[in-house]
């Protein structure tokens, strides 16, 4: 029976890859096989025994194939495999997929008597690459978050400002998947952790509320309102102007007029978009024609009156000299 042994991960440099340590020692009488993990391209150190003194015969097998042999006179080993009696550690370097196998080490006394047997099962995993973290604002204000990485048997973990992401943060997905959707209104530093049994890698970025969304917190007509909305579509907590024609901060005006015989009273009209009680161009032309015709009639009446006055005065002026001549003549005759 396999059981997972304790695995410690060490990052020892890019050229050497990942190095891990696995404690595969077993209590006396335990027949279970410890499970260890090795990083592809890296190295693993497996603690199989407590330190032993020199002078023993050691054999190392991989699926019954000899990899290492040591006695008092000689040491024979296959490249990349080694065992150190002074530490009790078995090491595999430059791990390949073919190193995924069961390993056993047996230690004998000089007389051939078996002293100890160590065994472990090694599973090879590709280490986790550097995660790529991306954010996308949705039209409704939520944010789709995704974390992608390469490697074997990947596990994901998420946090926001150092606290694990829970269902109250999420619209969909979970804190154990590679992608999720954050509810509207959350902000802070979001961190993605990707791990497997041989390595762990993280990425983080700052999350902000999507552009254009505002938080409305007010009371309207006795009702308390607390809600995220887009500012361009906000109709919450907008007060109606008290007097017709007054404009509030949002640009809404109160229209009270009569157009084409129809009475109009409306308070949710924006002044920039108002088309109520505004005459059309055809109505403007008709009004101008009426005014012109009125002016024409007025001018005609004025001309008629002026002509009448002129004629009257002219007539009176032409009669006056004749009367004076007759008078003068009569005076002369007398």
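Keep in mind that glycine also has a Cβ here, set from the backbone N, Cα and C atoms.
Look at TrEMBL and you will find 1-17 tagged as signal peptide.
The feature domain 'Ig-like' is assigned by TrEMBL to 127-208.
What TrEMBL lists as transmembrane segment is 290-312.
Taking H, G and I as helix, E and B as strand and the rest as coil, DSSP gives the domain 'Ig-like' (127-208) the counts 0 helix, 44 strand, 38 coil. This prediction places the mean pLDDT of the domain 'Ig-like' (127-208) at 92.
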